[in-house]
Ligand code: SF4
């Protein structure tokens, strides 16, 4: 199974999604990027996803995309949905 960010909305690819080609999460298990819940295994999945993001050369592009798209779920650019909501509030 191919991992993220293969699942990104590819219709935008010709515009500004070319950064996904260099994503560190390509080929990784997409489930760790969508932890369910706020405890136990979900925290381990979140930590694993953030660890991959920490070494990703397109992290900034990914976070910018997620903030602009209002991505409501998943780990993007090393952030959780809650962290992105806080970032959006701080920049408003
Ligand atoms: S920052 Fe994380 S979610 Fe975004 S492309 Fe890189 S590894 Fe994937």
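Glycine is no exception: its Cβ is also placed from the backbone N, Cα and C atoms.
As recorded in TrEMBL:
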- 25, 53, 56, 62: [4Fe-4S] cluster binding site (BINDING)
- 24-86: domain '4Fe-4S Wbl-type' (DOMAIN)
- 1-22: region 'Disordered' (REGION)
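Positions of the features from TrEMBL, shown on the structure.
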residue	record	DSSP (3 states)
25	[4Fe-4S] cluster binding site	coil
53	[4Fe-4S] cluster binding site	helix
62	[4Fe-4S] cluster binding site	helix
All-chain count of other Cβ atoms within 10 Å of residue 56 ([4Fe-4S] cluster binding site): 20
Segment-level pLDDT (mean, integer) for the domain '4Fe-4S Wbl-type' (24-86): 96
Winner by Cβ contact number (other Cβ atoms within 10 Å) across the binding-site residues 25, 53, 62: 62
